[in-house]
Amino acid sequence: LNTLLSACLLKLCFFVWPFSFFQTSKNQIKVDLVDENFTELKGEIAGPPDTPYEGGRYQLEIKIPETYPFNPPKVRFITKIWHPNISSVTGAICLDILKDQWAAAMTLRTVLLSLQALLAAAEPDDPQDAVVANQYKQNPEMFKQTARLWSHVYAGAPVSSPEYTRKIDKLCAMGFEKNAVIVALSSKSWDVETATELLLSN
């Protein structure tokens, strides 16, 4: 009965409150139902203009707890992304409204728009991924090129740096797996020698 009641309440939240399933062309965000009990959703956001993520489409896993809307949804990136506040390994997100700054009046639309804003304005001093945050602060141009390459490879954004692509191809030709090569080069400042050493040590 509790499960049924929770499902009914969630349905009411989504369709009567401003939590409904939506797709907006202006902000290019959408939410789709994954299962019939409203506990798992799939979100999608477009990379904001004038950022390394522009042109990419980013898939999100959204899990709705039984205590929603009094507690935040659990959200992570399914699409791999290079960003200080998002784990390049798990897709976990460091964002205040998904933690202690959540309010019951907030909506899923608020969450997706906040994630778009996070892509446009990272918080490297409160990182989820320390390696990315360090690159962001120490070498902003390299960070932009790296983030743009990840956007191209994983999110379908336009082609990025040909120099970085050549380095990826070189290591892949040595027999290393492409995703591992991208991670190694990205975390080793695109130095082929140290990236190779990392790949060989794993």
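Glycine is treated like the rest: Cβ placed from N, Cα and C.
According to TrEMBL, the active site, glycyl thioester intermediate annotation covers Cys94.
Taken from TrEMBL, the feature domain 'UBC core' covers 1-156.
If you look at the domain 'UBA' (162-202), the same-chain residues 6 or more away from its ends with a CB under 8 A from one of its CBs are 80, 82, 88, 131, 135, 139, 142, 145-146, 149-150, 153. For 162-202, the entry in TrEMBL reads domain 'UBA'.
Residues annotated as signal peptide in TrEMBL: 1-18.
Within 10 Å of the C-beta atom of Cys94 (active site, glycyl thioester intermediate) sit 18 other C-beta atoms, taking all shown protein chains into account.
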